[in-house]
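Chemist: First the structure, which I've put down as structure tokens, then a few questions once you've had a look.
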Amino acid sequence: MGATYPVNTSTSSSSKEVNHQVESCPSLSVWWDELEEQDPENPMNWPATKKWANILTISVMSFLVPLVSSVVAPAVELILVDFHSSSTTFPTFVLSIFVLGFAVGPLLLPPLSELYGRVIVYNVTNVLFVVFTILCAVSHNEAMLLGFRFLSGFAGVATISIGPASIADIMPREKRGKAVSLWAVGTVIGPMVGPIIGGYVAEVLGWRWIFWIISIIAGLVTVVALTILRETYPPVLLERKASRLRKETGNPNYRSRLASDLGLQKLVIRSIMRPSKMLLLCPIVTASCVYICVLYSIIYIFFSTFSIIFKEAYDFSTFESGLVFIACGVGTLSGLAYLGYFSDKILEKRARAGRMITPEDRLPFLVTVPGTLSFSIGIFVYGWGVEKHVHWVVPQVGTAMTGFGYILIFTAVQTYLIDTFEDHSASVNGANAALRGLAGALIPLSGLDLYKALGWEWGNPLLAFIALALAPLLWILAVYGEKIRKTQLFKLKL
């Protein structure tokens, strides 16, 4: 039946049909079974195969959605010809509008997952993502394509904004790093692989087939997700358990230990406001998200200008300009391998030594220093190589270094935030994703203007200096994060 405990919470007396004796009894608090570490209903106790099946399914969708954000980059000229348009803003806006959906979705979807569960949000948004992608394929003008690009970004961001929370639900802290790294690499590599696929498909089959192929693949993944994904959020699972016990026993006093005392309306409002509240009032969240959004903006400036720059500087074809994203992907995979070796090992070593593991252990200098330096140095190398028209391999080395640095920083910050806010990991990741999406949507719109004003020689160093100037934020959090978490400002009602 599961463990139940009497608690001093009075039940409502509004229903006159309920027996007065039952009403006056204390609530029976529902929790996991007595041996919590053995309760099969607790997601932490799932078999490894079940855990990794859920993580892999979420990770595949988290790879596919960001891929769609950039997949049309090499095909924008073909789209303009098809629409009989000469717009100068469309090439950048068709990328940014999708990422703008990334900014809006996380303000709503993660809070909903903390109210109704992760799986229902995944399944509904996956279906909507497929539908909106199909509508992109049949668009017959710019406005229609841009509108459905926004909606597909809004729906698709669910796995990106809730994924780390699902991982936190099923993986203990000392084993969480590898799982988050696997999920994160898809979100970073997706936009790099997209132009490679898009460039080839657009040349061979036409730009509409880019969306048809994505729709088919996403549809198959959605079917797999409907089959494999299971609910992981403890408050929802325990509420279901309490509901089952109330139905089986006829006793209305069974109540989840994690149930909120707030009414539904107040609970919905608090949940919806939580990501914004975290972003604005929690110093740790503000600092981490601002730094990540700056790096994300730089990455998307690259994504929106790579094709144009390499066509101009090296006379690359549409397909060849898509291939330049491979180097950044290789750097990202190298960063993943680096993280996989060091991240969880650091925590496991400290646990064996009897040290209490803290969220700040996710920001070791062994990860943050190489990450911050590699990201900025890579931008310098890329900018110098393009400006001097040296062999195209040189700027590609720079983009690989930038990809290596970004995945290190991104994953470290993600795991740090979900370890800090385990009870509301979806909301804090939603706050991060919202700010990241907003910056990634708007700032790249000025990417070409930046290069026109400063040239490749000075435009890229400016971006590198900005990233380098913000790097100490992570080092400060690594040293003083625990003190900040204990301040009164941090103790908010979330």
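Using N, Cα and C of the backbone, Cβ positions are placed for all residues, glycine too.
So TrEMBL says this about it:
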| type | residues | note |
| --- | --- | --- |
| DOMAIN | 54-484 | domain 'Major facilitator superfamily (MFS) profile' |
| TRANSMEM | 52-76 | transmembrane segment |
| TRANSMEM | 88-108 | transmembrane segment |
| TRANSMEM | 120-140 | transmembrane segment |
| TRANSMEM | 146-167 | transmembrane segment |
| TRANSMEM | 179-197 | transmembrane segment |
| TRANSMEM | 209-229 | transmembrane segment |
| TRANSMEM | 279-303 | transmembrane segment |
| TRANSMEM | 323-342 | transmembrane segment |
| TRANSMEM | 363-385 | transmembrane segment |
| TRANSMEM | 397-418 | transmembrane segment |
| TRANSMEM | 430-450 | transmembrane segment |
| TRANSMEM | 462-481 | transmembrane segment |
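Looking at the shown structure, can you explain where the listed features end up?
Modeler: Long-range contacts of the transmembrane segment (52-76) within its own chain (CB-CB distance under 8 A, at least 6 residues past either end) are made by residues 90-91, 94-95, 98-99, 102, 122, 126, 129, 133, 152-153, 156-157, 159-160, 163, 166-167, 170-171, 179, 182-183, 185-195, 197-199, 201-202, 207, 210, 214, 217-218, 221, 224-225, 228-230, 232, 303-304, 306-307, 318-319, 321-322, 325.
Within the chain carrying the transmembrane segment (88-108), a Cβ under 8 angstroms from the stretch's Cβ atoms is held by residues 68-70, 72-73, 76-77, 79-80, 142, 145-146, 149-158, 160-161, 272, 275-276, 300, 303-304, 308, 429-438, 440-442, 444-445, 447-448, all 6 or more beyond its ends.
Residues of the same chain lying 6 or more positions beyond the ends of the transmembrane segment (179-197) and with a Cβ under 8 Å from any Cβ of it are 55-56, 58-60, 62-71, 73-74, 160, 163-164, 167, 171, 210, 213, 299-300, 303, 306-307, 321-323, 325-326, 328-329, 332-333, 336, 339-340, 343, 403, 406-407, 410-411, 414-415, 418.
Among residues of the same chain six or more beyond the transmembrane segment (279-303), those with a C-beta under 8 A of the stretch's C-beta atoms are 70, 73, 95-96, 99, 188, 191-192, 195, 325, 328, 375, 379, 382, 399, 402, 406, 409-410, 413, 416-417, 420, 428, 431-432, 434-436, 438-440, 443-444, 447, 450, 463, 466-467, 470-471, 473-474, 476-477, 481, 484-485, 489-490, 492.
Long-range Cβ contacts of the transmembrane segment (323-342) within its own chain (Cβ-Cβ under 8 Å, at least 6 residues beyond either end) map to 70, 177-178, 181-182, 184-185, 188-189, 191-196, 199, 302-303, 306-307, 310, 316, 364, 366-367, 370-371, 378, 392, 396-397, 399-408, 411-412.
Sequence-distant contacts of the transmembrane segment (363-385) (same chain, six or more residues past either end, CB-CB distance under 8 Å): 295, 298, 302, 331, 335, 338-339, 342-343, 346, 391-392, 394-395, 397-409, 412-413, 416, 456-457, 459-461, 463-465, 467-468, 471, 474-475, 477-478, 481.
Below 8 angstroms of C-beta separation, residues 89, 92-93, 95-107, 109-111, 153, 157, 160-162, 275-276, 278-279, 285, 288-290, 292-294, 296-297, 299-301, 303-305, 308, 413-414, 417, 459, 462 of the same chain, each at least six residues beyond the ends of the transmembrane segment (430-450), sit close to that stretch.
Under 8 Å from some Cβ of the transmembrane segment (462-481) lie the Cβ atoms of residues 284, 287-288, 290-291, 294-295, 298, 301, 358-360, 363-365, 368-369, 372-373, 375-377, 379-380, 383, 409, 412-413, 416, 450, 454, all in the same chain and six or more residues away from its ends.
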Chemist: Run the contact check on the transmembrane segment (146-167) against the transmembrane segment (120-140): 3 or more C-beta pairs under 8 Å, excluding pairs closer than 6 in sequence.
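Modeler: Yes, the transmembrane segment (146-167) contacts the transmembrane segment (120-140).
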